[in-house]
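Student: Just passing along the structure, written as C-alpha cells.
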C-alpha cells in the first residue's frame, strides 16, 4: 500500500493540477495518469492528503469542476457516527446515574410531608401514640402522656414515706391506755349532768337554724354565754353559729334552765341540730 499527496500552486493567471493515481495489481487500469485543469481564484493553495487503507484506495475524480476524495469522505463518515454514539452513551450514563437520586429525593419529600400531617393529626386529636411503617422505614410519634415511666419510680418512693408514720401511729396507741387510766376519774367527778340525760327526749331543745360552726363564747379566750344549770330568758343569746364567715347569734325561744349542752365548741353543726336542752 502507498500514500499519495497532491499540492497545487497557481500564479495569478492560471494553475494546473496534476493528479496521479496509483493502483494495485489486482485492479488494472488502462490509462494510469490523467490531467485535470480548472481555473482557481487568486493565489489559492490546496493540498489533498490521503492515508493508506487496507480496504480502499485513494481516488481522485473531476466532474463539473468538483473534486472529491473517497477515502477522506469515508473517514469523515466513520468518525462522525462513532463520536455521536459516544456522546449518546455518556448522556445515557449521566441520566441513569442522576435518575435514582431524583427518585430518592422525591420519595423522601413525600415521606416528610406525610410525617408533618401525621404530627398535626396527633396534636389535634386525643391520640397518645402513632406508629407508621413504610417500606424499610418505621416512624413512632408519642405524646408526653405515653411516657409515664420516669414518674412511676417517684410515686413508689412517695408511697413508702407515708408507711413509716403509720407504724409510728400504730405504736402510739399502747401509750394511750396509760394516759387513759386517770380518765375514769373525770366522769366520776361529774355525776350531776348524767341524771338529766334519760329525760332529754321529753325535754324541749334549742336547735340550730342554719349550718355552720358552733361557738359557746363570743370570742376566743372569753367565758361562754351560758353554762349547765343557768337560767335563761326567752330571747337571751345562748351561742354563736358561724356561717359564710358571718357570726350569727342564737337566742333561746323559751324561758327555762339549761340542762345539757349537746353541741361541742368549735365543731360544725347542720340545720336543726340540737344545741341545748332547756327545761321550762
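Going from the start of the chain as shown, residues are counted 1 onward.
Each Cβ is built from the backbone N, Cα and C atoms, and glycine gets one as well.
Keep in mind that this is a model prediction, so the values were computed, not measured.
So Swiss-Prot lists these for the protein:
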type: TRANSIT; residues: 1-82; note: transit peptide
type: COMPBIAS; residues: 52-75; note: compositional bias 'Polar residues'
type: REGION; residues: 52-106; note: region 'Disordered'
type: REGION; residues: 164-215; note: region 'Disordered'
type: COMPBIAS; residues: 177-188; note: compositional bias 'Low complexity'
type: COMPBIAS; residues: 189-198; note: compositional bias 'Pro residues'
type: DOMAIN; residues: 203-279; note: domain 'Biotinyl-binding'
type: MOD_RES; residues: 245; note: N6-biotinyllysine
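Please situate the listed features within the shown structure.
Tutor: If you draw a 10 Å sphere around the CB of residue 245 (N6-biotinyllysine), it holds 6 other CB atoms from the protein chains shown. When secondary structure is read from DSSP and collapsed to three states, residue 245 (N6-biotinyllysine) falls in the coil class.
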